[in-house]
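Here is the structure we will look at.
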Ligand SMILES: Cc1cc2nc3c(=O)[nH]c(=O)nc-3n(C[C@H](O)[C@H](O)[C@H](O)COP(=O)(O)OP(=O)(O)OC[C@H]3O[C@@H](n4cnc5c(N)ncnc54)[C@H](O)[C@@H]3O)c2cc1C
Ligand SMILES: Cc1cc2nc3c(=O)[nH]c(=O)nc-3n(C[C@H](O)[C@H](O)[C@H](O)COP(=O)(O)OP(=O)(O)OC[C@H]3O[C@@H](n4cnc5c(N)ncnc54)[C@H](O)[C@@H]3O)c2cc1C
């Protein structure tokens, strides 16, 4: 038996940098260094753990849709231990929204062949948290999403989803789409050996024509949503800061009373 | 006027506050038609009517509790077919966003997630999003299909507005995908008696500076004196001092209360992502250089174990 896992990983601008929009109201990717979305490290980690806990032959492919630099995200995932990588890159992808992204991912996953898709809970830039559900809908397979704990055994995936009002145990048969939260377990650091090995691992590049997708279906033009304006939030006016010299709590109470909170 | 579908988030018939906020927003763009699914769906009608629902579609079936997300998508799709709405509004919970996304794909419509405001526009509803950890505000609209928009809690004040709220049973036939993901067990979250984190008007949070699970009593005491919810930073959650369900931030809850009080929290970007839109921000931190002080309306540089109990006492006295 063999198990083919595809892990979707997004290349995003570093959240600790000064992120901005470009003139066409897409994310300015030149302004801030990019990296593998930290929440996708958890997806790679869970794929590696599923592989380590399995008696089957497991092959882990990492997949990204993004510009040339997105290879960095693939390299990071490969150095953590994934086996091979697919990079979907095409100039016509610039400005693609969540619908278009899920289309490209679903086509690429189908082409690659899969038993299990593992994604992060959300990207750290768009932060929508909807791409895994969309990919599942497109692939016509169960979604087992937002898991804080995941296991694969006997052709089924099980996991725990901690929701707003309840914690649920979920189960679905493969093939399926899984997404994991940052509660699923710390992601490992690439070892030196892993980093060296990653350099020799295959990275395939596909463009839209490889996936049978027309340019009009994606990109800014093909997006089903339109950003009309983006404005930097005005800096908060400097607040009052006091040093506690024994009366800090009382001073704060005075302030809160003045604001009618007490 | 055009009809606007509002997906009802409820627990056994008790409607959660974000849905009532959605009804308020929906009235800006049309006549709200509510869709309530699952156990207790029928019991939601009166409160929905009081808040402006002209019609309430209900459907009860075991599938909604027994399987993940897809049965609800099937039902919402049936409601879209029934009324051809001008927009579909769904609360921005994790599940709400997934339901909305799959619905949008099926009806070939764009989706906007995590809107914090909504207005009627020339080309359909315009949503405001607060992005990049709330450092930017964007105006976005759906350009293809029926706008599907998820809205964050605390994005509008709940307004009462009596409407007919005529209850109608929705006819739903479940898709093959509906039973794909089975919910094999469910453990309801125990109520603390405090307000819901995302709905509370005041949130009192503790971070690594609280330094121990037992010390969270200091944070809870302040919260209780103010009738507030308790939040925590990821550092406090990862240390096991407070449950993950109370985490505020990028991978926790995002809150937008009238007042946010951060205690022993440095103010990392991922924490700010979840609280930066709070109306008034207050912090207690012993490090005058902590980045959280860049955000505050009022800050106290000091030891939280001195400042917070004194504040709690003072609040009790003043309220007493
Ligand atoms: C601030 C901001 C707001 C946005 N708002 C909207 C909106 O309201 N509606 C809309 O349609 N689009 C929106 N977009 C565009 C959207 O973010 C992108 O299309 C994106 O590629 C998919 O959504 P996400 O990043 O939010 O992913 P999420 O749904 O948050 O991502 C979940 C997981 O999906 C996988 N994934 C996502 N993108 C990729 C990728 N390119 N390659 C590989 N794996 C991936 C990853 O595993 C990730 O962890 C927004 C973008 C930004 C920057
Ligand atoms: C992908 C990703 C997602 C994340 N998601 C989240 C998230 O959702 N929420 C979140 O909070 N973080 C999140 N983080 C973590 C975030 O980067 C920070 O590590 C975290 O917020 C720090 O928590 P803290 O402020 O409590 O701790 P610290 O940064 O250690 O700060 C503790 C503060 O307490 C002060 N202090 C100590 N003792 C006292 C005292 N006695 N009295 C007063 N002050 C005192 C210190 O001066 C310090 O400023 C995420 C990180 C990543 C990479």
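The backbone N, Cα and C atoms fix where each Cβ goes, glycine too.
TrEMBL entries are annotated by machine, without manual review.
Small disclaimer: the values here were computed from a predicted structure and weren't measured.
Annotation comment: TrEMBL describes B:4-183 as domain 'Electron transfer flavoprotein alpha/beta-subunit N-terminal'.
TrEMBL lists B:208, B:233-234, B:247-251, B:264-271, B:285 with the feature FAD binding site. For the recorded site, residue B:271 (FAD binding site), the DSSP three-state label reads helix.
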Contacting binding-site residues, sequence order - B:208, B:265, B:268, B:271 vs ligand 1, Cβ under 6 Å: none
Of B:208, B:247, B:265, B:271, chain A-adjacent binding-site residues (C-beta under 8 angstroms): none
Residue among binding-site residues B:208, B:271 with least C-beta crowding, 10 angstrom cut-off: B:208
